[in-house]
Amino acid sequence: MSLFSRGRDWAWGKLIGVLRSTTTRRAVGYLFFFVLLTFILFTNFRTYGVQLRPGQISPRDIRSPVTRVIVDENRTQELKRQAAQRVKNVYQEDTEALTRASGDIDTFFGQVTDLRNPVEVTQTRKVEELTSLLQGVVAERNLKQVNPKQLATYILNAGDDDLERIRQQSHKILADVMDKPITEDALPSVYQQAFEQARSLQFASEAEQIIAIAVCQAVRPNMIFDAEATQKAVDEAVKKVLPVQRTIKQNQIIVRAGDPVTEEHIEILEQLGLQRSGNLGMVLGGTGLFVLLTFWLGIEYLRRYHRDILKEDRLMLLLGLVILIVVLLAKVVSILNIGGRTDVNALNGYLIPASVGPMLVAVLLDSRLAYMVAMILAFYVGMMTTGNQLGFALTAFAGGSVGVFGISQLSHTSDLAKSGVYVALANVASLLTVGVSSGNPEISTLLIGSIMGVLNGFLSAVLLIGFLPYLESVFSITSMIKLLELSNPNQPLLRKLLVEAPGTYHHSLIVGNLAEAAAEAVGAQSLLVRVGSYYHDIGKLKRPYFFIENQIGFENPHEKIAPSLSALIITSHIKDGVEMAREARLPKVIVDFIEQHHGTSLVKYFYSRALEEDGIQRVNEEAFRYEGPKPQSKEAALIMLADAVEAGVRSLTDATPGKIEGMVRRIIKDKLNDGQLEECNLTFRDLAVIAESFGKILNGIYHARIEYPDNLAEQIAAKEARRGNNGNKPSDEG
């Protein structure tokens with residue numbers, strides 16, 4: 001063989017080994033389910049809505065699928081802008097402004113004095129420097145009505161008293177103009193006011209202008225703009241603006257065919273959920289993330305509360321298949337075109353039979369898990385529909401939850417049909433609640449939705465009844481429905497047991513009652529235990545009279561045969577029962593009960609006889625034990641204990657409550673000590689609860705009755721006569 005061939009064979013072997021790995025198989029299954037579910041949801045999402053651009057010509061009439069109140073964003077933004085413009089600026093008072101301004105006036109005149117007094121500086125130089133000082137103030141304050149050079153000459157020629165009087169008047173005018181609020185924007189008018197007040201002094205024109213300049217260079221705002229407080233006021237004003245709302249009626253045309261699409265059209269379509277995103281990658285990614293989130297919720301729930309299902313590939317496949325069935329049904333229903341009526345098709349979401357999924361899970365797997373499935377499927381329904389998505393999702397969840405509740409109360413197969421009625425009522429109630437809470441319900445919409453909700457309920461029941469037997473068969477699951485069918489006394493094996501082995505039949509009924517009560521007490525599957533008890537001894541049909549409960553009026557055949565043969569006959573009813581169960585195609589779980597209900601227990605009576613006859617050296621204990629296996633579940637262990645306890649208590653000659661309780665506890669202890677319960681998950685607390693439950697029922701069945709004397713009536717009459725009760729006798733008259 002060539003190197004290439006060996007390498008190829010090695011690679012194929014490795015690949016096959018990886019594919020056969022449980023972890024790989026599960027990973028591939030999860031990935032396939034994820035991709036398929038994401039694809040279905042994504043394609044369904046893409047079938048809805050339009051993808052228009054402003055300026056594009058509408059290819060068709062686009063109508064609203066629902067009545068909805070939308071927000072006119074353009075008008076709302078305009079009102080907010082107007083409200084913000086009406087807000088006045090907020091200012092904080094500067095109490096130190098006048099003090100600082102007065103200091104600036106003194107500084108100004110100090111500079112003037114310094115420039116006019118030096119004797120070593122020429123007159124021309126002094127004029128230039130004073131002109132420069134005044135020119136700076138004039139330019140900074142934009143004071144065009146003065147001649148700085150002329151004023152500089154005046155200052156040089158003025159006396160000290162004149163300048164002091166000018167300084168004092170400057171302070172007075174400054175105090176007067178700053179006595180009022182001054183903002184930054186108001187400064188030009190304050191400058192004008194300073195010139196006017198200076199002119200009113202009737203000083204020399206140059207002196208008036210110098211006073212005005214001194215005031216203008218010193219005056220400042222005494223009200224400081226507070227940007228933070230102003231913005232807060234703007235925000236509060238904008239917040240008080242209520243959105244401008246418009247009501248878009250169901251079936252109302254948003255854009256007519258042939259009309260150009262405007263920004264307003266796009267805005268309305270987006271609020272109605274009709275404008276699709278142009279980025280397919282983002283839509284696909286969002287859909288995948290949504291599915292991933294529901295995956296995580298479901299897996300985490302299973303990991304916490306149903307590890308047995310999570311570890312069983314067969315059950316996980318069933319769970320995934322049920323979800324896919326509902327999603328595909330939702331896909332089909334959501335694209336239906338009923339009579340070409342837009343108003344009816346907009347309510348298709350109420351017709352999606354999402355409740356069939358949770359009900360199937362409740363029947364086939366677990367009712368608590370079914371509620372989680374109802375929630376996840378409600379998410380999917382909301383995502384796959386358009387328009388009133390919240391209403392569709394809530395209706396799907398309400399219908400599914402009520403359907404699960406109805407299924408969990410199942411006691412007859414006819415209850416499957418009743419579950420459709422429950423779902424229909426829940427659908428109608430939820431959609432009416434959503435419709436009324438919208439504040440603007442339309443009677444026609446509620447009526448059409450209610451009709452669809454009722455049809456949804458009945459469709460769910462039909463699908464449930466249709467899918468159930470196939471899923472039971474394919475996935476080898478014994479559902480409540482199957483168990484109820486098997487519990488019918490008219491089942492061939494039970495009828496045969498009643499006719500040919502009536503004692504065993506009666507014993508099985510009592511065992512069923514005992515085991516069912518105990519199962520309810522310890523949280524096991526009570527219906528499964530009861531039905532398993534009915535069939536656990538069907539192997540006795542092969543030789544019914546070899547079992548003591550069927551020997552009433554008959555001679556005991558065991559008295560004529562060896563103990564070893566008797567033990568063989570007794571233990572063979574397990575193998576016979578398994579064969580009969582398989583021939584009758586009973587579920588595997590029932591076959592397991594038949595096989596395990598004696599475990600590897602010892603047939604004590606015949607073992608003791610063998611010891612008496614042959615001695616311990618010649619007797620093999622294993623020949624007197626059942627082949628097993630030991631009980632592998634709570635339910636199988638309950639049937640074992642109920643079977644042994646019923647037989648033991650029935651053997652009591654004087655069954656008082658104390659004796660019954662003692663017998664029950666002794667038998668349970670014997671089974672425990674013999675190791676029969678070591679492979680099931682019963683706890684010591686469970687065993688105490690089971691013993692108490694058995695005792696209550698057995699006391700009601702086998703308690704000793706009070707014996708009354710035959711002449712009880714005569715004794716009572718004599719006692720009454722002795723008590724002088726003659727006055728109470730009826731009168732002889734009338």
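Counting begins at 1 with the first residue displayed.
Here the Cβ of each residue, glycine as well, is placed from N, Cα and C on the backbone.
Note: TrEMBL annotation is automatic and uncurated.
As written in TrEMBL, here are the features:
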TRANSMEM  27-45  transmembrane segment
TRANSMEM  280-303  transmembrane segment
TRANSMEM  315-339  transmembrane segment
TRANSMEM  359-383  transmembrane segment
TRANSMEM  390-408  transmembrane segment
TRANSMEM  420-439  transmembrane segment
TRANSMEM  446-471  transmembrane segment
DOMAIN    500-657  domain 'HD/PDEase'
Lying 6 or more residues past either end of the transmembrane segment (390-408) yet within Cβ distance under 8 Å of it, the residues of that chain are 349-350, 352, 354-359, 361-363, 367, 370-371, 373-375, 377-379, 381-382, 415-416, 418-419, 422-423, 425-427, 429-431, 433-435, 453, 456-457, 460, 480
The recorded stretch from 27-45, 315-339, 359-383, 420-439, 446-471 sharing the largest number of CB pairs under 8 A with the transmembrane segment (280-303) is 27-45
Taking the transmembrane segment (27-45) as reference, the highest number of CB pairs under 8 angstroms among 315-339, 359-383, 420-439, 446-471 goes to 315-339
The answer for the transmembrane segment (420-439), taking Cβ pairs under 8 Å and residues 6+ beyond its ends, is 350, 355, 359, 388, 390-391, 394-395, 398-403, 405-406, 445-446, 449-450, 453-462, 464
The answer for the transmembrane segment (359-383), taking Cβ pairs under 8 Å and residues 6+ beyond its ends, is 41, 45, 287, 290, 294, 297-298, 301-302, 305-306, 309, 315, 318-319, 322-323, 326-327, 330, 349, 352, 389-390, 392-394, 396-397, 400-401, 403-404, 407-408, 410, 419, 423, 460, 464, 467-468, 471-472, 475, 477, 479-481
Same-chain residues at least 6 beyond the ends of the transmembrane segment (446-471) with CB under 8 Å of its CB atoms are 318, 321-322, 325, 329, 343-344, 347-348, 350-353, 355-356, 359-360, 363-364, 395, 399, 403, 416-417, 419-428, 430-432, 435, 477, 479, 481
